[in-house]
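K.L.:
As annotated in TrEMBL:
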- 5-43: domain 'Sphingolipid delta4-desaturase N-terminal' (DOMAIN)
- 43-62: transmembrane segment (TRANSMEM)
- 68-91: transmembrane segment (TRANSMEM)
- 103-122: transmembrane segment (TRANSMEM)
- 150-172: transmembrane segment (TRANSMEM)
- 184-204: transmembrane segment (TRANSMEM)
- 210-231: transmembrane segment (TRANSMEM)
Amino acid sequence: MGSRVSREDFEWVYTDQPHADRRQEILAKYPEIKSLMKPDSNLIWIIIMMVITQLVAFYLVKDLDWKWVIFWAYVFGSCINHSMTLAIHEISHNFAFGHHKALWNRWFGMFANLPIGVPYSISFKRYHMDHHRYLGADGIDVDIPTDFEGWFFCTTFRKFIWVILQPLFYAFRPLLINPKPISYLEIINTVAQITFDIIVYYFLGIKSLVYMLAASLLGLGLHPISGHFIAEHYMFLKGHETYSYYGPLNLLTFNVGYHNEHHDFPNVPGKNLPLVRKIAAEYYDNLPHYNSWVRVLYDFVMDDSISPYSRMKRHPKGKEVLE
């Protein structure tokens, strides 16, 4: 693919949100799905154990040679930290304590954030709700790449670099597309995270700190689990905006691969999304889906017809209510 492209290379559409109609139709036919819309208390204990696991790993790597610090950061820590970002995704939907204890979820999200090394949880919550309400909306949904990303990362090599740098683009893209005033919870999230990082450095040393940060950078970049970033909404088939993944890595990612199901029913926790698919099988079994996130990454990099522009965009209607 050449570099003479522009923002019009996005797939612009003028339809309403694609998941609302299917949600209404499924609920009319299968009202029992409403019983799946409840908190998942198991999240609390799973996340606590994940945090403890990384704390133990911080201790175990503190005296290793640097090559082994980086090795274990990629082989082990990256899986835990990427999984933790998806635990935070679950928390952002209030699945840990329920909607009636929304603030408890925010505090618990900050706790889950600690092993990641950079403040993330509160800001993710604010922007992720926009992603669900206004999927693909220009200037609102920060999951959509910037014009520069689509223009520059258009060759095989550049797309490979883009995949490696995905965590940086996800971190800075909101500031360019849809900056929001800083909230008091974001300040608390930042102070708590920096304090935790200082404690790790003071008591365990630089290698533990590097392990933590490298695990996040590597785990969210060129990593099998990172295939979900591209698999979820990049159009490998024209007209199909959201794709599910039904492979084994769902076991590590709180079933985020069930992405059509998730957007249809964002009030259903990841644990119950396979049940949604089972109950309403005729709505999901014939939709295009993936069984390998590694293959998604490979196809994205190698296929000249796919780039960061391979997304649907919507013109905002002017009635959006933002946080």
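Keep in mind that glycine also has a Cβ here, set from the backbone N, Cα and C atoms.
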K.L.:
Report, as numbers and ranges, which residues of the same chain sit near the transmembrane segment (43-62): CB under 8 Å and 6 or more residues beyond its ends.
P.N.:
68-69, 72-73, 76-77, 80-81, 83-84, 87, 90-91, 95-97, 108, 111-112, 114-115, 200, 204-205, 207-208, 211-212, 215, 254, 269
K.L.:
Return the average pLDDT for the domain 'Sphingolipid delta4-desaturase N-terminal' (5-43) as a whole number.
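P.N.:
Mean pLDDT, the domain 'Sphingolipid delta4-desaturase N-terminal' (5-43): 80.
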K.L.:
Top stretch among 150-172, 184-204, 210-231 for CB pairs under 8 A with the transmembrane segment (103-122)?
P.N.:
184-204
